[in-house]
């Protein structure tokens, strides 16, 4: 689960990390009070759009203001704008919140992130002297400037590793105590908050030899949110895909894609195989949808509603293997859903496993325009041919 910059920094504060003072507003009417608090910390105020995407500065979503009038003008311009960045896509994202933050006297910018490397099964700290740039650009143009340090999960980060990192980055001697404190705080936040990613870009060395988190991106592990009810409250559904928000309400695992064949499958592995076979047949899947092992008529109906809410869908491929789930119950769900949801696109169904024959019989005797197919490749070819008619 992604959180906004101002929320990520509040989490860092809880772990005693050095972050700039700031105030968030969601209306221009709140500007005066917020500005008056921030300007007490610094005469320069940075006005930042709050969206779940990077590259905000390139899109005009970050402005440095040296006067109150400039800050207010920036806030008025950014609030409500459709901000387009390299990470939002051409449609952009509407800015509903703006963060007013104290300006800093910057001497040098670095990059720092903590994430899980699944290949080696360890947390890694990744850092670079090229702060303020997208790390992907650095990896492509100057890979030698990226430093990686592996952290053993059993013992955590060690003082020697922090010193190694400071040396590799060329942190001045006068700032190393501040650097050590921040790295330890950020690592503790990453571990204790069950984060999947914690990225600080830029990590700022001020002219006063302080190390401060200038920006912060945090992605929290959704599977661990039950341990952090306070973090659950940080979710901003206006920043999430509306289809995926609806899927959460239905308790379905759904990811929207760009194709035109809706896929309803039980089991993540089979769902991915189904998408592959659709592509092999010459079409593109419209979604990943795993209805899970407890599929029932209600689940199937909700799955149909979700798939058909995408206007790009021209056909539906239902692929079910009956292990825990019974194919006859799925068949009943398909028929009920087809009637209730008013399905007007072709539907191809492949049932295998527990009570598959009973399920096929139910579909055949339903009188509905549902095509039953035996083979996986045959089913993919069939739905592709039907949407082309």
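The backbone N, Cα and C atoms fix where each Cβ goes, glycine too.
Per Swiss-Prot, substrate is bound by 323, 324, 325; the candidate from 253, 260, 266 named for the same site is 266. Cross-referencing 48, 94 with the ATP binding residues that Swiss-Prot gives (55, 56, 57, 101, 104, 109) picks out 48.
In this structure the C-alpha atoms belonging to residue 323 (substrate binding site) and residue 215 (Mg(2+) binding site) are separated by 48 Å.
Residue 109 (ATP binding site) counts 18 other C-beta atoms within 10 Å of its own C-beta, drawing on all protein chains shown.
Of all the binding-site residues in the list 201, 215, 266, 324, 325, the shortest Cα-Cα distance to residue 48 (ATP binding site) is found for 215. When the Cα positions of 266, 323, 324, 325 are compared pair by pair, the longest gap among these substrate-binding residues is 10 Å. Per-site Cβ counts within 10 Å over the binding-site residues 55, 323 peak at 55. A strand conformation is recorded for residue 48 (ATP binding site) in the three-state DSSP classification.
In terms of Cα distance, the binding-site residues that sit within 10 Å of residue 109 (ATP binding site) are 201, chosen from 201, 215, 324, 325.
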